[in-house]
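Take a look at the structure below.
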Amino acid sequence: MDLTTIGLNSIWLMLATILVIFMQGGFILLEAGSTRMKNAGHVAGKTIFTFGIATLVFWAVGYGLIYGGDGNAFIGWGDFFLNPSPEAVEGDAYPTTIDFMFQLAFAGIALTIAWGGFAERGKLAAYLIFSVLFIALVYPVVAHWIWGGGWLSDHGKQDFAGSTVVHLTGAMAALAATILLKPRIGKFNKDGSANEIHGHNQVFTALGVLILWVGWFGFNAGSTLEVGKAFFGYVALNTQLAAGAGAIAALLIAWAITGKADVPTMLNGALAGLVAITASCAFVDPWAAVVIGIIAGLLVFGSMKFFEKLKIDDPIFALSVHGAAGVWGTISTGLFATETLAVETLDWGQAGLFYGGGFSQLGVQIMGVATSGAFAFVASFIILAIMKAVMGLRVTEEQEIIGLDLSEHGSYGYPEQVKQSMN
Amino acid sequence: MNLPFDELNLRISNAVSFEHLGEERNQFNQMIQNFLSSIEEIKIKEITLINEIHDLFIQRTITLSEIELEDRGFGPPPVSYDFILFGSGGRFEQTLWSDQDNGLIYEDTNHDQKETIDAYFKELAVCIEQGLEKAGYPPCDGKVICTNSLWNKSLEEWVIKMNDWFEDPHWEHVRYLLILADSRSVYGEGKLVKKMKDIYLKKVTSTSTILDKMMHNTLHHKILLGVFGHLIKEQYGEKAGGLDIKYGAYIPMVNGIRLLSIEAEIFETSTLERIQKLKQLNVVPERYALEYESAFTHIFKLRFKTLYKEENGLYTSNGILKAKQLTKDQREKLKSSLRIGNKLQKYIKKKIDSSS
């Protein structure tokens, strides 16, 4: 590969990495805005802190467990405490350094998604320990299965940018966490009805979504990895279409069913569209991206209600946005993948059910999403159950009421405002 | 039901103090609560009777207030006046518990007596407000109450104020005008209210855009029927799964019929009477009027089902009816009533848009 091509690939991938890392900023605003003022500083701070932990653990073991060359169908092995060549070497399309950075950014996103299940009641120590264990034991397994040459990639599982690997894995950890942590104080009434615990700043939430939306071009379009004939533009187009469709569908369905054009639901619809198109963005026609986005938007509304009915507290809707939409996105690839894109353009996939591929790809997608989801849930549940028994996951009732800013960090994110509102 | 109206009338008329009236009120409420628990559905004539008894309580409170003022040296009322009820009281549509929504209008006088007369009615209003509170009618949160000088004036001042509102019809003023539309004299000869409302209704006809403004002032109450024809339920909290009968069904119909009545210069305030008048005057086709009547009657009766017993044994209402309390047939009937409510809103919008 000539140096110009390597250079172009590297710049594109580095840019994509920066965009994906910047998505952490989106998550800070999304989670802080969707939760109460008394936890805002904690939400913001812990996101940065745990990304720091994720960085070191991913460098030490995570990357090696996904891509290490001495592994098998279930786990990678090698390249621990990565010390790569400073420059691209012969045969590389881009250097390992940038590949590591890009993969690390994805792992960081999966971890941050998992925090949705901990929100407003998790102990800081639980964040610390789970960061280490998730990045070392949970994420690499699924990532290896699908992207690192594991058994699902042998079956031809199509997950272009990580509907399953990143979003579903994070959401399953969030589900395990929220089940073990139990609902926030005041979320459900004795008669089983739910209370609406409003987030403290809808503008933050919306800005968070916009930052995520922009970052997603790094996530999806960046996953082309190479510049080539600028196929990343096509991936970006599909990403944009699905996000828009998701936002519209979610707002309309909420409006139709509840009579209220609910802003948080609409924002979740945009995110659900993005999550869903993540698996299929390189495999489908633009019209299909719109359909995938619409279905994701409708699904996220139903899923939010569903978890509430089950009395599972999902403070920032991670289960619905990343879980339900992640599953749908993965399956949608088995339906809408076109032969032209999968076989000719990408040269590593198969057409879906609607494009003459029969049920084979759809079957692989369903098997992949079921096994990956099950593994991520069971592994996270076991880890968290042990942590719960040994150290506890949840702050005390008093601490939860006073807020995690004060209980976990000793100072408020908004000192003046919180004191005023408590007077 | 056989509400012992004559006996109640006698007991209320014989009450000699506000406290005594309060005791009678408690007994009356208890009686109605027992009654409501014993029936499946209330009848319109029973609602009328309940409202007549509310009137008796209010009238007796005013009489006792006049007596108290006389005892305190203010003398008898210096000029004639009407005590006005607004809101559900004005429409003769009170349930068991209602806030005070009231005002006062008194005869004009020459200038030199004005100060004394104003002072009398100011004092009377204070006495009535406190008396009504003791008789179980809490003061209005929205400050639509006789002790607020905005709602306690001589006829001339009322007309000036009304004109101000018509001439500067911003949101709050339009709200005031809509409140006035439901005014009914509960004490006094009613002539002053009649005069005021005649002027009001004429003014509406001569003020081109006011109906449009009145319509927009009330449109934010949406009927609780979704686009798929389903009932829209409350999502969260203790109201979860409930139907907001008050604001999602009753109030939109009241607002709609009121607007048509104002346009047709109808003096009546009760929604059912207004519908009758609209029919008589051929303002709406008879077929529509019959539909409105049946839908409103159904919704109005359901309002009484939203009264529920609290832990301390008292009935109260947040206007919410649990959807589970209704059978499938009742839900279907409610939906068809709401569809008529929707039609009414559309009809009004079309009518007013085309006339403005």
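A Cβ is built for glycine as well, from the same backbone N, Cα and C atoms used for every other residue.
Remember, TrEMBL labels are computer predictions, not curated facts.
As annotated by TrEMBL, domain 'Ammonium transporter AmtB-like' applies to A:11-414. Residues or ranges marked as transmembrane segment by TrEMBL: A:12-31, A:43-66, A:100-118, A:125-148, A:160-181, A:202-219, A:231-256, A:263-280, A:286-304, A:316-337, A:362-386.
Of the candidate ranges A:12-31, A:100-118, A:125-148, A:160-181, A:362-386, A:125-148 has the most C-beta pairs within less than 8 angstroms of the transmembrane segment (A:43-66). At the 8 Å Cβ threshold, with sequence separation of at least 6, the transmembrane segment (A:316-337) lacks contact with the transmembrane segment (A:125-148), having fewer than 3 such pairs. Taking pairs at least six residues apart, the transmembrane segment (A:100-118) and the transmembrane segment (A:286-304) share fewer than three Cβ pairs below 8 Å and do not count as touching. Ranked by Cβ pairs under 8 Å to the transmembrane segment (A:12-31), the stretches A:125-148, A:160-181, A:202-219, A:362-386 are led by A:202-219. By number of Cβ pairs under 8 Å, the transmembrane segment (A:362-386) is matched best by A:160-181 from the list A:125-148, A:160-181, A:202-219. Averaged across the domain 'Ammonium transporter AmtB-like' (A:11-414), pLDDT in this predicted model comes to 96.
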